[in-house]
Amino acid sequence: MKSLVNLWGIYPFIRNNSLHGFAKIPRIVSTIPRQLRFSSLRHPTRQMDLIHDTVVVENLNTFAVVGQDQWKRKEPQPVQIDVYMRNNVQLAGEKDELKSTIHYGIASKLLRKEIEGSFFTTPKDLVNKIASLCFEDVIDTSHVSIKLTLPKCVLRSKNGLHYYAERERNSTSNFVDRIEFSDLELATILGIHAFERQEKQRVCLNISFANTEVEALEIARAIAEYVEQSAFLTIEALVVNLSKYLCFTKNLDDISIKAEKPSAITFANASAVQIYRTRSYFLQESLHKYESTKNKIAYLSFGSNIGDKFEQIQTALSMLHKIEGIRVLDVSPLYETEPMYYKDQPSFLNGVCKIETRMSPINLLRACQSIEQEMGRIKTILKGPRCIDLDIVLYEDCVYESEVLTIPHLGLQEREFVLRPLLALSPDLVHPYTHQPLQEALDKLPSQGIRLYSSFDNKKIINGALTMGILNVTPDSFSDGGKVSQNNILEKAKSMVGDGASILDIGGQSTKPGADPVSVEEELRRVIPMISLLRSSGITVPISIDTYYSKVAKLAIEAGANIINDVTGGMGDEKMLPLAASLQVPICIMHMRGTPETMKALSIYEKDIVEEVAVELSSRVEAAVQSGVHRYNIILDPGFGFAKTPKQSAGLLGRLHELMKKPQFKDMHWLSGPSRKGFTGYFTGDASPKDRIWGTSACVTASVLQGVSIVRVHDTKEMSKVVGMANAIRYVP
């Protein structure tokens with residue numbers, strides 16, 4: 001393949017600021033074979049037999065439709081043509097006559113006649129037309145070099161688009177054409193000084209690259225958008241990152257960029273940086289950079305649509321934990337998604353995990369493939385059904401391509417089922433070579449109908465809030481103490497389930513303000529027999545154990561409970577969060593300060609209550625994640641009535657959606673527990689907890705309309721009806 005990669009210096013029509021600086025060399029030099037070009041200049045008499053003469057037509061002006069003009073219209077636009085036609089002028093020079101050479105006047109007329117007013121799809125089509133005319137008998141050259149200029153083609157360019165090409169008659173040589181944008185004038189934030197960060201300044205760009213399948217004007221627009229949205233400190237960073245961005249987003253093999261900063265030096269025209277980069281350079285650089293044994297951060301996507309999808313994912317994550325050189329740092333919520341490419345297959349369960357690893361990208365790929373193979377994945381249909389799928393989505397800021405691996409993942413920016421879980425883990429992630437925030441990419445996608453998955457409702461998809469019925473087996477509960485015992489709990493549980501409870505919450509210790517704690521042994525005596533009785537009697541709905549003792553939680557799960565509901569968010573027992581992680585069960589983490597004995601005195605919020613609750617609850621989520629709890633197993637509770645005055649609880653409920661939309665809580669499930677709380681009676685005038693059903697109804701409605709997944713209530717029959725109506729208001733089209 002003959003390439004124009006080193007275009008600067010090959011042709012006489014290259015700009016004066018060319019890399020090799022030979023713009024003023026006599027034109028006859030331009031077509032000397034490349035390997036002899038410089039020696040021929042030093043010793044012209046030794047290589048005269050190798051010199052190829054040219055006849056030149058410069059700046060031939062005409063007009064034609066060449067693709068789109070600067071306003072994206074298919075309208076005629078000015079065209080300037082430079083043609084360098086190879087021809088031995090020796091005989092014409094000796095005889096001083098025209099018949100032995102190319103008649104440039106005839107050539108000019110022929111070119112104008114055939115081109116003027118014609119329609120060409122691309123600049124390359126026009127170049128091919130010019131070459132074919134030059135090879136005809138009228139002109140009869142065997143080799144032609146062409147510079148095509150469209151001065152009005154690029155909206156932000158002072159001198160438009162230049163297209164450089166070389167053609168040979170009857171040749172199978174695959175010449176690589178080049179495109180240049182000349183004097184692109186853009187504005188961006190650029191500089192290290194404070195005053196340079198306050199206002200955009202002009203930059204002037206000259207960019208050339210090998211012709212590509214991507215439309216040139218699309219590339220020009222991408223350049224303008226990238227540069228004007230950037231805010232680099234140095235011009236070096238601008239050109240390096242721009243070249244990387246274009247190589248990968250526009251599939252360019254190579255690129256040359258010169259960037260001038262006219263306002264940089266008071267007594268000079270401009271400061272400038274000029275670079276040449278290739279796609280392969282970036283790939284090799286990235287690969288070398290990440291071959292070290294230092295720990296790196298990577299993100300893996302996972303999915304399953306065969307068998308018990310949830311269990312398949314749990315198994316794959318457990319296997320990932322056990323691989324030496326990999327540490328799982330965080331796991332996203334889970335999402336059910338319809339198949340995107342091959343449609344005739346079951347829906348998928350998808351998510352993303354964040355890992356720390358010393359492995360290179362290739363070795364990490366092999367580790368993922370080993371898990372797939374061990375779990376029995378068999379690839380039969382491209383993008384078809386699979387028991388497990390593990391892909392490297394991101395690996396630090398690595399850009400890598402090979403026959404077996406591409407990083408970032410090729411489908412990253414078009415897949416909601418990858419972007420959403422990815423951003424749930426790291427909301428501020430940017431694309432490695434576009435530097436576009438991934439949140440912007442997600443915002444641009446049309447909804448792909450993915451649904452948040454629930455690990456606490458018998459592993460179903462939630463289509464609205466669920467009702468959690470409260471079964472307190474405590475003698476001193478603030479609302480219903482002493483009303484549930486082993487004699488009536490089964491009847492009570494069946495009644496709640498029949499009335500609409502999707503989850504039962506069993507508690508053996510009062511957490512009302514001022515309540516004294518009971519011992520672990522006493523709480524175990526109260527709750528374990530109850531859970532065992534319910535399970536042995538055929539109660540199948542999920543059971544939540546309301547406790548902050550890890551031992552109680554462990555034995556309750558072994559007895560048949562499914563969920564841990566810890567009002568202290570793991571602060572009451574340091575073993576609670578690691579226990580939830582090891583058991584791989586959902587845990588509800590509530591916002592609370594102090595203990596039930598002390599929390600009333602801790603209701604002072606110096607700043608905005610939503611912001612303070614967000615910070616404190618976020619710290620508990622982080623503690624859970626660091627303990628190994630996966631985000632899909634975390635349920636959050638704002639803690640109405642706990643270390644909050646009635647007005648604070650009501651205000652927090654009214655702004656619950658603000659708390660839920662914080663980036664650190666993206667797509668997490670929420671529980672609301674306002675039932676019969678003091679603040680509901682404070683505003684309705686109901687002193688007795690059993691009379692607070694109307695205030696509770698209003699709070700439940702407000703909670704559901706703001707998107708909570710669970711409401712925890714005493715009056716199951718009435719509140720299930722309220723939840724049903726609120727779900728209809730929020731979710732029914």
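Glycine residues also receive a Cβ, built from the backbone N, Cα and C atoms like all the rest.
Under the heading region 'DHNA 2', Swiss-Prot lists 179-277. Feature annotation from Swiss-Prot assigns region 'HPK' to 295-454. For 465-724, the entry in Swiss-Prot reads domain 'Pterin-binding', with the evidence type sequence analysis. Annotation comment: Swiss-Prot describes 467-733 as region 'DHPS'. Per Swiss-Prot, the feature Mg(2+) binding site maps to ASN472; the stated evidence is similarity to another entry. The annotation (7,8-dihydropterin-6-yl)methyl diphosphate binding site is assigned in Swiss-Prot to THR511, ASP546, ASN565, ASP637, LYS677, ARG712, VAL713, HIS714.
Here the features listed in Swiss-Prot are painted onto the structure.
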| residue | record | contacts (Cβ under 8 Å, 6+ apart) |
| --- | --- | --- |
| THR511 | (7,8-dihydropterin-6-yl)methyl diphosphate binding site | ASP546, VAL567, PRO596, PHE642 |
| ASN565 | (7,8-dihydropterin-6-yl)methyl diphosphate binding site | ASP505, GLY507, SER544, ILE545, ASP546, THR547, ILE587, CYS588, MET590 |
| ASP637 | (7,8-dihydropterin-6-yl)methyl diphosphate binding site | VAL567, CYS588, ILE589, MET590, HIS591, TRP670, LEU671, SER672, GLY673 |
| LYS677 | (7,8-dihydropterin-6-yl)methyl diphosphate binding site | PHE640, GLY641, SER649, ARG692, THR696, CYS699 |
| ARG712 | (7,8-dihydropterin-6-yl)methyl diphosphate binding site | MET468, ILE470, ASP505, LEU671, SER672, GLY673, SER675 |
| VAL713 | (7,8-dihydropterin-6-yl)methyl diphosphate binding site | THR467, MET468, GLY469, ILE470, SER675, THR696, VAL700, MET719 |
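Secondary structure at VAL713 ((7,8-dihydropterin-6-yl)methyl diphosphate binding site), as computed by DSSP, is strand.
Per DSSP, the region 'DHNA 2' (179-277) is made up of 33 helix, 35 strand, 31 coil. Around HIS714 ((7,8-dihydropterin-6-yl)methyl diphosphate binding site), a 10 Å sphere centred on its CB holds 22 further CB atoms from the protein chains shown. Around ASN472 (Mg(2+) binding site), a 10 Å sphere centred on its CB holds 23 further CB atoms from the protein chains shown. Of all Cβ atoms in the protein chains displayed, 28 besides its own lie within 10 Å of the Cβ of ASP546 ((7,8-dihydropterin-6-yl)methyl diphosphate binding site). Cα of ASN472 (Mg(2+) binding site) to Cα of HIS714 ((7,8-dihydropterin-6-yl)methyl diphosphate binding site): a distance of 9 Å. Mean pLDDT for the domain 'Pterin-binding' (465-724) in the predicted structure: 93. ASP546 ((7,8-dihydropterin-6-yl)methyl diphosphate binding site) carries a strand DSSP state (E or B).
Of all residue pairs in the (7,8-dihydropterin-6-yl)methyl diphosphate-binding list (THR511, ASP546, ASN565, ASP637, LYS677, ARG712, VAL713, HIS714), the one with the greatest Cα separation is 18 Å apart. DSSP assigns ASN472 (Mg(2+) binding site) to a strand segment in the three-state reduction.
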